[in-house]
Amino acid sequence: MNNLRQEFIKFSVETGVLRFGEFVTKAGRTSPYFFNAGLFNQGRTLAMLAEFYAQTLIDSGIEFDMLFGPAYKGITLASATAVALANKGRDVSFAFNRKEAKDHGEGGTMVGAKLQGRVVIIDDVISAGTSVRESVDMIRAAGATPCAVMIALDRMERSGADGALSAHSAVQEVSNTYGMPVVSIGNLSDLFEYLSNAGADSEQAKYKEAVAAYRQRYGVA
């Protein structure tokens, strides 16, 4: 058991970011759980989340020079992770993009440090991979090298519509397409382990079978 990963799942449940019930995903699937990183919306919880990002990135052993946060959620995540890394003795620069180009002041769509060297893309989740693709294009256009993607939760489920499911997840497809690792703080296996270790009388324990069935239907190895 990776204690950091289990601590993250527990933290997400306690803050209401990870909820159990019946939810419809972007892909139209009925999921027994829902993860909404936008609910890390207080200073304390954001600081704790950034600690998880920073420590997981350090533990991964990935060599990198700076962070990039795609608009919009990635902006806060990359900024906070840079602060957490600095608190751990690793001072790195960060940048992010605007959705709309600015025609005054510094102009353009990029904000923050100049993109250079090996860049880690920081985001919350990967659904269709659109945000990653756009980030990779921007980083390469600046002459830098995207070296990894860091996300909070990997749902570990196959892409595509029912009846035409891919053999791979969106995370695996991103990794295969761009030849770089996608590192997550937690994933579906960690979530299931959390439910398996929950007391029989706990509120979460009753969702174990639903999550198992969902993983059986949509999960990847």
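Just so it is clear, glycine is given a Cβ too, placed from its N, Cα and C backbone atoms.
Over in Swiss-Prot, the protein carries these features:
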- Lys26, 72-73, 98-99, Lys102, His104, 123-131: 5-phospho-alpha-D-ribose 1-diphosphate binding site (BINDING)
- Phe34, Phe35, Ser127, Arg155: orotate binding site (BINDING)
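Positions of the features from Swiss-Prot, shown on the structure.
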residue : record                                              : DSSP class
Lys26   : 5-phospho-alpha-D-ribose 1-diphosphate binding site : coil
Phe34   : orotate binding site                                : strand
Lys73   : 5-phospho-alpha-D-ribose 1-diphosphate binding site : helix
Lys99   : 5-phospho-alpha-D-ribose 1-diphosphate binding site : strand
Asp124  : 5-phospho-alpha-D-ribose 1-diphosphate binding site : coil
Thr130  : 5-phospho-alpha-D-ribose 1-diphosphate binding site : helix
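The record assigns Phe34, Phe35, Ser127, Arg155 to the orotate site; their largest pairwise CA distance measures 13 Å. Arg155 (orotate binding site) carries neither a helix nor a strand DSSP state and counts as coil. In sequence order, Thr25, Ser31, Tyr33, Val125, Leu153 are the residues of the same chain, not among Phe34, Phe35, Ser127, Arg155, whose CB sits within 8 A of the CB centroid for the orotate site. Between Ser127 (orotate binding site) and Lys26 (5-phospho-alpha-D-ribose 1-diphosphate binding site), the C-alpha separation comes to 8 Å. If you take the C-beta of Lys73 (5-phospho-alpha-D-ribose 1-diphosphate binding site) and look for same-chain residues 6 or more apart in sequence within under 8 angstroms, you find Ala37, Gly38, Asp123, Asp124. Listed binding-site residues: Ile126, Ala128. The one with the lowest count of other Cβ atoms within 10 Å of its Cβ is Ala128. Within 10 Å of the Cα of Arg155 (orotate binding site), not one of the binding-site residues from the list Lys26, Ala128, Thr130 places its own Cα.
Counting other C-beta atoms within 10 Å of each candidate's C-beta, the binding-site residues Phe34, Phe35 are led by Phe35.
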